[in-house]
Amino acid sequence: MAARWSSENVVVEFRDSQATAMSVDCLGQHAVLSGRRFLYIVNLDAPFEGHRKISRQSKWDIGAVQWNPHDSFAHYFAASSNQRVDLYKWKDGSGEVGTTLQGHTRVISDLDWAVFEPDLLVTSSVDTYIYIWDIKDTRKPTVALSAVAGASQVKWNKKNANYLATSHDGDVRIWDKRKPSTAVEYLAAHLSKIHGLDWHPDSEHIFATSSQDNSVKFWDYRQPRKYLNILPCQVPVWKARYTPFSNGLVTVMVPQLRRENSLLLWNASDLNAPVHTFVGHDDVVLEFQWRRQKEGSKDYQLVTWSRDQTLRMWRVDYQMQRLCANDILDGVDEFIESISLLPEPEKTPHPQDIDHQPSLSHGEEDAIKEDPPSSLLEEKRSDQLGLPQTLQQEFSLINVQIRNVNVEMDAADRSCTVSVHCSNHRVKMLVTFPAQYPNNAAPSFQFINPTTITSAVKAKLLKILKDTSLQKVKRNQSCLEPCLRQLVSCLESFVNQEDSASSNPFALQNSVTPPLPTFARVTTAYGSYQDANIPFPRTSGARFCGAGYLVYFTRPMTMHRAVSPTEPTPRSLSALSAYHTGLIAPMKIRTEAPGNLRLYSGSPTRSEKEQVSISSFYYKERKSRRWKSKREGSDSGNRPIKAAGKVIIQDVSCLLPVHKSLGELYILNVNDTQETCQKNATSAMLVGRKDLVQVWSLATVATDLCLGPKSDPDLETPWARHPFGRQLLESLWGDRESTRVCGPPLSGARLAHYCQLRDVQTLAMLCSVFEAQSRPQGLPNPFGPFPNRSSNLVVSHSRYPSFTSSGSCSSMSDPGFNTGGWNIAGRETEHISSPWGESSPEELRFGSLTYSDPRERERDQHDKNKRLLDPANTQQFDDFKKCYGEILYRWGLREKRAEVLKFVSCPPDPHKGIEFGVYCSHCRSEVRGTQCAICKGFTFQCAICHVAVRGSSNFCLTCGHGGHTSHMMEWFRTQEVCPTGCGCHCLLESTF
C-alpha cells in the first residue's frame with residue numbers, strides 16, 4: 001500500500017485486493033473493499049496508516065456491499081455473494097459475520113438498506129424476486145415482490161419510507177411495500193439495460209436512470225409517459241447518482257477501448273456540458289460514494305474505487321458546489337420572500353405516507369441565506385424538477401405534430417402564437433406566460449385576428465382553456481400541450497355540430513360527419529359491411545382447464561385507461577367512431593418507446609383513402625423526441641413490437657373437489673371389492689377428506705359378501721332394493737335438479753351432495769367399484785355377449801345416437817346424418833310391463849326386448865334389481881368415468897385412467913338376423929311397402945340424394961344407412977366410409 005497526496009485528492013493503492021465493490025459508512029469514517037479472499041476495512045481519516053482484513057471463504061465474488069445508513073447501526077454492513085447475503089458487524093477494530101440471508105435461487109444483483117428503518121434490507125435477483133428482509137428475523141423475507149423479468153437494480157425512496165424502485169432490463173417499476181402484489185407504476189425508461197438508478201435526495205417523485213443506450217434520463221413517476229430531461233452521451237453510462245448538495249449529478253461511463261475513465265460532475269438543470277471532470281483513474285471506475293460532511297466544513301469528499309486497484313478521495317469545495325446550483329443561488333432572496341406563496345405539493349398515490357415538514361423559524365431562514373446549498377433550496381429545486389425547468393425547455397419538448405395546428409414560440413418574450421385550421425374556420429390565439437409559470441400561475445389566452453369563430457364559441461373555448469391550464473399549474477405542471485389538444489378537440493366538436501345542423505335542419509343529428517375538405521376524417525364507410533358487427537378487441541379473458549389450472553390474460557401493462565372507469569368500452573367497430581372526434585380516448589400508452597403501440601385516440605394518421613377496420617385500430621406511435629442516438633436510429637425500425645398482454649397460468653387445484661394425490665392413491669381391485677373400499681378410505685384420510693372416509697366406509701359395508709343376492713328371485717328381495725341399498729348410494733349422487741349439470745337426472749335420488757360439489761372423482765370411483773361388484777361372474781361388462789335369442793330379439797336402429805362398431809366405446813354417430821332406419825325383428829313385437837316398474841338399459845338404448853318365455857324375462861329383471869347401480873342411469877355413470885379419465889390423462893396418470901375406463905360400458909354389436917322388418921324413420925311404426933300407413937311418409941330415404949327410395953336399394957347391415965343402388969355404387973367406388981358421416985366402414989361390414 002502506498003499513499004500520494006495532492007491538493008485535489010488522496011490516492012491509496014491496494015495492489016493485491018482484487019476488490020469488486022466498495023462502500024463508505026454513514027459516519028464517513030470507514031470504507032470497505034470487497035475482495036474474493038478478504039474484506040478490507042480502510043480508515044478514511046488516516047488511509048495511509050494501514051487497513052484491517054476480514055477473511056472470507058467463498059469461490060464467488062462479492063456483487064454488492066453497503067453499510068447501514070443509520071448512525072445507531074453504522075457498524076453493520078451487508079455483502080452479497082452469489083445467492084446469499086452476509087451481514088457483517090465491524091466494531092472495535094474487528095469484524096465478523098453476524099448472520100446470512102438465504103432465499104434467492106439465482107445470483108443477487110443488488111441490495112439496499114432502508115433509509116428510514118434501520119432493520120430493513122432489500123435484495124434483488126435474476127430469479128425475478130425482490131425480497132425485503134428484517135435483520136431481527138432472518139429466517140425468511142418479510143415481503144416478497146415478484147416481477148416477470150429479473151431485477152438488476154433496487155433502491156429505496158429517500159423521502160417515502162414505503163416506496164422503492166427496481167429496474168428490469170430497460171423498464172422501471174415503482175413498488176409500495178404495503179401492496180406487494182403489483183407495482184404502483186411502470187415506466188418504459190430505456191431501450192437497453194439499465195445500469196444505474198438513484199432517487200433524488202429531496203423529492204420523493206424524481207429519480208434518474210443510466211443505461212446501455214448512451215443516455216441518462218430524469219423521471220417523475222407521476223408522469224410515466226415522458227421523461228423530464230435527458231442527458232445524451234456518446235458511450236453507455238455505468239452509474240449516475242445525485243450529489244448530496246445542490247442539484248448536481250455524477251456520472252461514470254462504460255469506457256470504450258479503455259480510453260475514458262473519468263467521473264463527470266453535472267448541473268442537472270443545465271446538461272449542456274459537465275461542470276467538472278475528475279481525472280486520475282487508469283482503469284474502469286467500479287464504485288463511487290460520498291463521505292459525510294465534517295462539522296464546520298463546507299467541503300465534500302467523493303470516494304472512488306477503480307479496477308486499477310486505487311482508492312481516491314476527491315475534494316469538492318464550495319466553489320465547485322456553486323456550479324451545480326447556479327440559477328437557484330442567484331435567486332435565494334427571491335425564494336425566501338416567496339416561500340409562503342408556493343403551492344402545495346401534489347398528492348402522491350398514498351397521501352398518508354407524506355411526512356409534513358415543519359415551518360421555518362427566523363434563525364433557520366438566516367442559516368439559509370448564509371449557506372445557500374441547503375435542503376430547502378434543494379427542495380424548491382426538486383419541486384421544479386417535476387416538469388421542464390424553463391419555458392424554453394417546455395417549448396423544445398412539446399409535440400408540434402398536432403394536426404392542423406401551427407405554433408410559433410418565443411421564449412424570450414414568454415409567449416407563443418397558436419394557429420388552428422378546422423373546416424372553413426380559422427383560429428389564431430396569443431398565449432402569454434407569466435414569470436412564475438408554472439408555479440400556480442396560469443398563462444393568459446387572447447384571440448387575435450384573423451379568427452372566424454363566433455363570440456359564443458370564443459367564450460366557451462376560453463373557459464375550457466382556463467380550466468385546463470389551472471388544473472395543471474395547481475400541480476406545478478406545464479399546460480401548453482394539453483391546452484393545444486383541448487383547443488383542437490373542442491373546436492372540431494363545435495364545427496361538426498355546426499355542419500350537421502346547417503346541412504339539413506330537418507334531419508336527425510348524426511354523430512359521424514362526412515369527410516372535411518381540409519384534412520383526413522374518419523367516416524362510417526368501414527372496411528366491409530360485416531365490419532359493423534365485429535366486436536371490440538378483447539382486453540382480458542379466462543378459461544379453466546381440467547388439470548386444475550386457470551389460464552387468463554389481461555391487457556398489456558403498457559396501457560391504461562385515459563378516461564374514467566365508468567366510461568363504457570366500445571363493443572363494435574361502429575361504436576369506435578365516437579372516439580374519432582378527439583373528445584375521448586379509450587386507452588393510452590404508458591411509454592413513449594417507439595416499439596410500443598397505443599390504442600387509437602382520435603388522432604388519425606392515415607389518409608382519406610384508407611378505411612377504418614379492426615386491423616387498423618392499432619398503429620405505431622410517432623416519436624416525440626426530435627433527436628435520437630445512432631443506436632436508436634438503426635435498431636428501432638427493426639425492433640419487434642411487443643404490445644400483447646401477459647398470459648398467466650394460475651394453479652387453482654386447491655379450490656377444486658378433485659385431488660391429484662387421491663388419483664395416485666386410489667385403487668380398483670375387481671377381485672376384492674372390500675379391500676378396494678378399505679384402502680380408498682385410508683387414502684382419503686391421508687389427504688384430509690373425512691367425508692370421503694365415511695363414504696368409503698359405507699361402501700365397504702354395502703359390498704359385504706353376506707349381502708350378496710340370491711340367484712333365485714323367489715327366495716328374497718335383493719339388497720339393492722332395500723332402502724340402504726340402491727337408494728342410499730343414489731343419495732350420494734344428488735337430486736333430480738342438482739344432477740342436471742352433471743348429466744341426465746338420476747331417478748330416485750333424494751339428496752344433493754357430490755353432484756352439487758362436482759366431485760367427479762368420487763362419483764367415477766364409486767361407479768367403478770359398484771360396477772365391478774355387481775357384474776355377473778365371467779361377464780366383462782353388463783353389456784356382454786347377448787344370449788342366443790336370434791328368433792325373438794328385436795334390435796331397432798333409429799336416427800337417434802347410437803354406438804358404432806369402430807372399436808371405441810366413446811365414438812357415437814351424429815343423429816343429424818341418419819336418414820333411414822331398419823331392424824332385425826321377430827314375428828311378434830309385444831311389450832310386457834315390469835313388476836318392479838324398471839326399464840332395462842337395452843330398452844332405453846338399443847330398442848325393446850321381447851321375450852317368448854315369461855321366466856326368462858323374470859330372470860333378466862332379477863339381474864337388474866340386484867345391482868346397486870340403476871341400469872337406467874348407465875349412460876350417466878359412463879359420463880362420470882370418461883370425465884374422470886380425461887382428468888387422469890391430464891395429470892399424466894395413464895395407467896389409472898386405463899383402470900377406470902375398463903368399467904365404461906361398451907354396447908355389443910347389434911344382432912344380425914336373416915329376416916328384415918322395416919320401421920318408418922319418422923313415426924317408428926312397422927311398415928309394409930315404401931310408404932308408411934300412419935304418417936304417410938316414405939319409408940326409405942337415400943343418404944346421397946335425400947329422395948325417397950322406390951326401386952332398387954342397398955343398405956348397410958351394420959349402420960342401417962343406404963339408398964339407391966346406383967348412388968351407393970358410385971359413392972363407394974372412391975370412398976370407404978358411410979356417406980352419412982356416422983363413421984361406419986360399410987364395405988368391410990357388408991357387401992353391395
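Cβ from N, Cα, C; glycine included.
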Swiss-Prot annotation, Zn(2+) 2 site containing HIS964, HIS967 - matching residue among CYS945, CYS982, CYS984, CYS986: CYS945
Candidate annotated as phosphoserine in Swiss-Prot, where the set is SER375, SER811, SER839: SER839
Which range of 240-289, 540-589, 940-989 is zinc finger, per Swiss-Prot: 940-989
Which listed span Swiss-Prot calls zinc finger, if the choices are 436-456, 457-477, 919-939: 919-939
Annotated phosphoserine residue, as Swiss-Prot has it, among SER603, SER840: SER840
Residue, out of the binding-site residues HIS961, HIS964, HIS967, whose Cβ gathers the largest set of other Cβ atoms within 10 Å: HIS961
Which of CYS945, CYS978, CYS982, all binding-site residues, has a Cβ with the fewest other Cβ atoms inside 10 Å: CYS945
Cβ-centroid neighbours of Zn(2+) 2 site CYS945, HIS964, HIS967, 8 Å, sequence order: CYS942, ALA943, ILE944, VAL947, VAL949, GLY963, SER966, MET968
Folded-back contacts onto the repeat 'WD 3' (146-185), same chain, C-beta under 8 angstroms, at least six residues removed: 106, 109-117, 122-130, 132, 191-204, 207, 209, 211, 213, 219, 221, 224, 348-350, 353-355, 646
Composition by DSSP (helix, strand, coil) of residues within the repeat 'WD 3' (146-185): 0 helix, 18 strand, 22 coil
DSSP-assigned states of the repeat 'WD 2' (103-143) in counts, ordered helix, strand, coil: 0 helix, 20 strand, 21 coil
